[in-house]
Amino acid sequence: MALIVQKFGGTSVASTDRIKNVARRVARWKAQGNDVIVVPSAMSGETNRLIGLAREISAEPDPRELDVIASTGEQVTIALLAMAMHEEGLKAKSYTGAQVRVLTDSTFTKARILQIDDEKIRKDLAEGNVVVVAGFQGADENGNITTLGRGGSDTSAVALAAALKADECQIYTDVDGVYTTDPRVVPEARKLDTITFEEMLEMASLGSKVLQIRSVEFAGKYKVKLRVLSSFDDEGEGTLITVEEEKKMEQPIISGIAFNRDEAKLTVLGVPDRPGIAYQILGPIAEANIDVDMIIQNVGHDGTTDFSFTVNRGDYTKALGVLETVKTKLDARGVVGDNKTCKVSAVGVGMRSHPGVASQMFSALASESINIQMISTSEIKISVVIEEKYLELAVRVLHKAFGLDKAD
Ligand code: ADP
Ligand code: ASP
Ligand code: MG
């Protein structure tokens, strides 16, 4: 008998009919003798609707209260799912994150899971229940409700699988696995049977929202067997996230293309070229709680230099405000920004043993006259910042240039 954690995303529980489908699927796993923990998201669009309501009241809602409202979407689906399972003749019990308790830190809207109390869940499973636990949420040590960041139900599922030492964590979504790139942008994208943790981590951090990055980190750290599957198709094996050794010897050079639409670029022009400048610019940005992604300091001339970096588009206006103060302090020539940029990345562990991937990438982009504004590389990825209007074109061109549209 195996213990399986099954997470169902928003589209998989978008209506009562789909919820009934989920209950039927769970019933089949149960009938095969498995113990099942189910972790649903809110119905699709619901979390956005709830956050929208909060913003109608306040432009910058209090994060604690935002979590109180945002967490309610999942409270609806856990109860409906438990009821649908009762209709299937199953014993089932639902819990919110706080009831379990999923203990988190107090960073409202992006809390981290610290510990999960498995006592209630183990007891319920032993009594033959399917246990339904709300994704995306927990509670801090003072009992305040917290949420785990957008897409956080993936992380709830993996954390539960880790805490209960489940045999597998299955992430059911609206695509049948992890693809070489978002199949909604490139119809020729191919489903991968396996992808390494390392690559999945890069893909997730570079914008592929099929798995929340923290869920991949958790799975890697606690050795959770993690699989992405379709909730609409009963066949398929989905994509298994593997440790590298399990992969075939001959690695493809590039495994996938990831992209992130939400980048904005800022440049401080003509800052004095002297030690400490990066700190004087980025210190106040960090103090304003703005995460910085790529950074470029141009070669200086005449004792001054230009300093550019990217931030999440949602932080663009705030970052511009901070830089206006920095500009005066440093006596810089000016501040310019562009919030219509995006980031496209090629990811692959095979890159380690194949130099020349960067030039292949640049030549493919040049063939479509796409201008590269910034570049960053690591051992297993190359990212470029380009104008947002070229995003789809760039993803398609790179997907083809690296032969990802062709079967192995
Ligand atoms: P859920 O609501 O089930 O959590 P998400 O919308 O968060 O679903 O994630 C699934 C979506 O991720 C897909 O519909 C797809 O558009 C997108 N996606 C982005 N990159 C990839 C990729 N490489 N492979 C598969 N899906 C991807
Ligand atoms: N409902 C939450 C969101 O929309 C969590 C999730 O779907 O994973 O972000
Ligand atoms: Mg998701």
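Placed from the backbone N, Cα and C atoms, the Cβ positions cover glycine too.
Annotated features in TrEMBL:
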type	residues	note
BINDING	K7, F8, G9, G10, T173, D174, Y179, R184, K209, V210	ATP binding site
BINDING	T47, E74	substrate binding site
DOMAIN	266-344	domain 'ACT'
DOMAIN	346-408	domain 'ACT'
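Locations of recorded TrEMBL features on the structure.
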residue	record	CB count, 10 Å
K7	ATP binding site	28
G9	ATP binding site	22
T47	substrate binding site	24
E74	substrate binding site	31
T173	ATP binding site	24
Y179	ATP binding site	26
K209	ATP binding site	15
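Residues K7, F8, G9, G10, T173, D174, Y179, R184, K209, V210 are the ones the record ties to ATP, and the longest Cα gap between any two of them is 22 Å. Only G9 of the binding-site residues listed as G9, T47, E74 bring a Cβ under 6 Å of any atom of ligand 3; the order follows the sequence. Ligand 1 lies under 6 Å from the Cβ of G9, T173, Y179, K209, out of the binding-site residues K7, G9, T47, T173, Y179, K209. DSSP assigns K209 (ATP binding site) to coil, not to a helix or a strand. For the pair formed by Y179 (ATP binding site) and T47 (substrate binding site), distance between Cα atoms is given as 26 Å, rounded to the nearest Å.
Secondary structure of the domain 'ACT' (346-408), assigned with DSSP and counted as helix (H, G, I), strand (E, B) and coil, comes to 30 helix, 14 strand, 19 coil. Filtering K7, T47, T173, Y179 by Cβ distance to ligand 2 (under 6 A) retains the following binding-site residues: T47.
Within the set of binding-site residues K7, G9, T173, K209, the entry lying nearest in space to T47 (substrate binding site) is G9 (CA atoms). The binding-site residues near E74 (substrate binding site), taking a 10 angstroms Cα-Cα threshold over the set K7, T173, K209, amount to none. When DSSP labels each residue, the domain 'ACT' (266-344) comes out as 29 helix, 34 strand, 16 coil, counted as helix, strand and coil in that order. In the three-state DSSP assignment, the secondary structure recorded for G9 (ATP binding site) is coil.
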